[in-house]
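Features of the protein shown, as given by TrEMBL:
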type     : residues : note
TRANSMEM : 12-36    : transmembrane segment
TRANSMEM : 48-67    : transmembrane segment
TRANSMEM : 93-111   : transmembrane segment
TRANSMEM : 123-142  : transmembrane segment
TRANSMEM : 149-169  : transmembrane segment
TRANSMEM : 181-205  : transmembrane segment
TRANSMEM : 217-239  : transmembrane segment
TRANSMEM : 259-276  : transmembrane segment
TRANSMEM : 288-309  : transmembrane segment
TRANSMEM : 315-334  : transmembrane segment
Amino acid sequence: MEPQVSSKMKKVLLVINCIILAVGTCGTPLLLRLYFIKGGNRIWLSTWLQTVAWPINFIPLAISYFYRRKININNDINNNNDNIKVILMTPRIFAATIGIGVLQGFANYFYSYGSAKVPVSTSGLLFATQLAFTAGFAFLIVKLKFTSYSVNAVFLLTVGAVLLALHSGGDQPEGEPKKEYILGFIMILAAAALTGLIFPLVELIYKKAHQAITYTLVLEFQTVYCFVATIVATIGMIINKDFQAISTEAKEFELGEGRYYNLIIWGAIILQFYFLGTIGVIYSASSLVSGILISVLLPITEVLAVFFYGEKFSAEKGVSLALSLWGFLSYFYGDMKKSKKKENQSPETEMIDSKTCTP
């Protein structure tokens, strides 16, 4: 049996996963856009890159296994390690994870298609609408209770996204057909909607698991659903003959063949950070926290796009960034107050709560 993560350790994991998610959230649109503006045009390949680095998860899984083994040896005078499970995931969770993986595979394709057609600033502001989808689906699926702080955060972040959207009319790239540009808009919104659905579904799986939700189980979950999403993308690549086109595309890439392959390899690793961080934040906090963090990072991506791609940073983008940071701080201030209130509960109340939450 795996030792339960303490409240303090869970906060540490939350910070670590927030950092991982920040790298993935900011790096993903920049790397995908770099691929497309420098000569890449394979949608399924860019979709495949978003999850193909899933074997990276075996590293923390191996560390977790040996840690559990060490704890068991220290606690078992007979040194009997037969009860150390290599895989914690039950068949029921495995089946649900496959469904999440299929949804994620299509969400990745929608996002890749949109990234190929619209600038980083436009795709970022459109994808920020995932927060509204997350909040709505979380209310319907996991019966999320809103506080004044979370409502304020959602409102501010949504206003920031809308403000950016009102200023995005002149962002259509030169030479991009109007129909393709509009379709790119629709695809990004579809990706945002699917992402907003996936987050609460993951949280629901955690709640209905009928077993202790440990960080190891979360890693297993993330590994399986990224593997399934990779299979979806691989099927698309085979049908579209993307594997055969890689060598030709590499030779024609504007930055050179070597940098093309570097972009492919390191891009896949950075893109995996997004999924690893997302699942970790949902485990350590909630689906809404994950959605809010992603939304607050999107305007930061806009700033990075100014430096890397020379996109204009208008006054509207500055206001949106300020609103996003305000919303982010608002939510976590409310979360801190809630945590402090729980800490002030009597030991008897905490014992009752723990018994109630036990599956």
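Each Cβ is built from the backbone N, Cα and C atoms, and glycine gets one as well.
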Paired segments the transmembrane segment (12-36) and the transmembrane segment (217-239) in contact, 3+ CB pairs under 8 A: no
Stretch in 48-67, 288-309, 315-334 most in contact with the transmembrane segment (93-111), if contact is a CB pair under 8 A: 48-67
Dominant neighbour of the transmembrane segment (288-309) in 48-67, 123-142, 181-205, by Cβ pairs under 8 Å: 123-142
Chain residues in Cβ proximity to the transmembrane segment (48-67) (below 8 Å; excluding those fewer than six residues from its ends, i.e. six or more beyond): 2, 28, 84, 86, 104-105, 108, 111-112, 215-216, 219-220, 222-223, 226-227, 229-230, 233-234, 236-237, 242, 264, 267-269, 271-272, 274-276
